[in-house]
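Here is the structure we will look at, set down as structure tokens.
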Amino acid sequence: MPSQPTKSGIVTDEASGERHIPESVRADGSTRKAIKIRPGYRPPEDIEVYKNPAAESFRTRGKGPPPGSEGLKDEPKPAASASANKNAKRREAARNKAQAAEAAGASAKAPEKAPEKAPEPVVEELDSEVEKAKKVRNLKKKLRQVKSLQEKQEEGAALLPEQLAKVLKINELIRELDALGFDSEGEPKNKEADPTKDKTADD
């Protein structure tokens with residue numbers, strides 16, 4: 001029984017070991033005779049060409065997975081030792097215990113923190129009042145200085161450029177005091193009238 005033909009078309013008879021190219025039919029219908037091949041002869045088509053692995057990988061770069069990754073997939077994972085399993089279980093138990101303790105601590109602290117949230121707006125309100133009083137004091141001080149410089153200017157004294165700039169800002173200081181509820185003298189606008197003054201006025 002002949003073997004499978006090689007690339008050059010040579011078939012080997014398994015019984016006798018002889019090699020030959022079997023007869024074939026040409027395109028014009030004529031028959032091509034079988035050709036015997038002498039022992040030991042290998043045609044160029046059947047000679048395997050040496051392939052450089054580096055050159056082959058360079059030609060096929062980017063067409064497949066990274067070099068060496070195929071072998072990693074087939075490697076079996078080493079079985080964990082008994083001590084490693086025991087340590088892993090201990091770590092897991094400690095982690096679960098810590099999480100349970102944190103949850104219990106959070107639930108225990110939650111009722112204590114609830115009543116403390118109420119006074120926060122009062123503290124913020126006090127802070128705003130303190131800031132407002134501090135701003136009013138600064139504005140009053142600046143206003144007194146400006147009025148003093150204005151009096152000097154009216155008396156004929158020469159003022160420095162910085163002092164003149166302060167005098168020009170008197171209206172701005174009055175507006176800021178007005179926005180905070182104070183008049184141009186730095187007194188509160190909503191101050192209740194003195195009852196003694198009303199009484200003398202009626203008399």
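Glycine is treated like the rest: Cβ placed from N, Cα and C.
Since this is a predicted model, take the numbers as computed values, not measurements.
Here is what TrEMBL says about this protein:
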REGION    1-142  region 'Disordered'
COMPBIAS  16-31  compositional bias 'Basic and acidic residues'
DOMAIN    17-43  domain 'WIBG Mago-binding'
COMPBIAS  96-109  compositional bias 'Low complexity'
COMPBIAS  110-119  compositional bias 'Basic and acidic residues'
REGION    179-203  region 'Disordered'
COMPBIAS  186-203  compositional bias 'Basic and acidic residues'
Rounded mean pLDDT for the residues that make up the domain 'WIBG Mago-binding' (17-43): 88
Counts by DSSP class (helix H/G/I, strand E/B, coil) across the compositional bias 'Basic and acidic residues' (16-31): 0 helix, 6 strand, 10 coil
